[in-house]
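Heads up, the thing below is written out as structure tokens.
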Amino acid sequence: MVAPSRLPSHEEQSAAAAADGSATPSQGIPVVDLGVLINGAADERSRAIRDLGRACEDWGFFMVTNHGVPEALREAIMDACKELFRLPLEEKKEYMRAKPMDPIRIGTGFYSVVDAVPCRRDYLKMFSHPEFHCPEKPAKLREIATEYATCTRALLLELTKAISESLGLAGGRLSEALNLESCFQILVGNHYPACSRPDEQAMGLSAHSDHGLLTLLFQNGVDGLQVKHDGEWLLAKPLPGSFFVIAGDQLEIVTNGRYKGVLHRAVVGGEQSRMSFVSLIGPCMDTVVEPLPEMAADGRGLEFRGIRYRDYMEMQQSNSINEKTALDIVRVMHQAG
């Protein structure tokens with residue numbers, strides 16, 4: 001079992017919360033205009049590709065605007081998710097007994113069987129590609145989630161092409177290496193209840209990196225997502241209508257560590273409950289993910305050993321959440337000197 005994570009000290013939590021509002025987009029969280037990446041003039045698009053590469057290399061995190069996902073669809077998926085969380089326990093319990101690799105799961109914390117640190121979080125997880133899975137109730141969820149999965153998968157695949165180009169590769173190189181035509185996709189709804197003592201903070205979800213390639217996230221207007229940048233925890237405040245994009249472990253592996261999967265966490269505090277909704281894509285489940293030869297040609301050698309994505313995901317999801325412990329297991333340890 002992975003070693004338990006440490007609950008941040010009160011001082012760390014207070015600093016990270018950025019209650020004075022200093023952790024705003026103006027502090028430097030990169031912003032990527034998808035419209036420019038798809039339809040921009042050649043010189044404008046080249047600049048946007050370079051900026052995207054810097055965002056992946058320096059942050060592993062950015063916001064995307066002009067993404068084409070209707071606001072009405074975002075509101076609909078959030079409302080359907082709220083409705084699911086309000087269902088009687090009897091109508092959800094078959095999914096509450098699910099194991100980490102089951103296609104539909106409803107639960108609390110990260111994986112309550114092994115959680116080392118209590119996390120104030122309710123979640124719905126449903127695999128949506130290559131096969132779509134959805135709870136029967138609420139009845140409207142299936143149609144909404146199907147459309148949402150399709151829209152956000154297309155968005156993430158467009159970003160993947162641009163990220164491939166930012167590495168100096170052909171736009172389809174990452175897709176080819178990771179078999180993204182059969183990519184894995186999961187939708188996740190998160191509910192973080194308000195604290196009983198609004199003056200205190202608690203962990204909604206401890207520090208971790210995501211197991212996949214790219215994660216797309218939006219929230220209900222209540223802040224709480226924090227990212228680690230240059231050793232500091234920053235409160236991520238979104239631009240109106242934007243998505244957060246989070247680089248995951250598979251991007252770090254396939255780029256041989258050039259692009260980093262960012263550490264992030266959810267902090268709960270205040271009188272309002274927080275909700276977020278996530279769409280994550282990863283390689284085809286049976287693909288062995290390893291550094292691209294082009295990324296290991298700089299003399300550094302391989303930073304990671306190859307691992308089948310299904311095995312990596314199961315390892316990360318079945319153990320206590322603890323920063324980058326799963327990634328460290330596949331990291332190659334080089335001899336000094």
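From the backbone N, Cα and C atoms, a Cβ is placed for every residue, glycine too.
Among the candidates H129, H133, H264, the residue that Swiss-Prot annotates alongside H208, D210 as binding Fe cation is H264. Given the ranges 1-25, 51-75, the record in Swiss-Prot names 1-25 as region 'Disordered'. Using a 10 Å Cβ-Cβ cutoff, H208 (Fe cation binding site) registers 22 neighbours. In this structure, the CA atom of R274 (2-oxoglutarate binding site) is 20 Å away from the CA atom of D210 (Fe cation binding site). Model confidence over the domain 'Fe2OG dioxygenase' (179-283) is summarised by a mean pLDDT of 91. Using DSSP to sort the residues of the domain 'Fe2OG dioxygenase' (179-283) gives these counts of helix, strand and coil: 9 helix, 52 strand, 44 coil.
Listed in sequence order, the residues L205, A207, S209, T215, I246, G248, G261, V262, L263, R265 complete the 8 Å Cβ shell around the Fe cation site centroid, once H208, D210, H264 themselves are left out.
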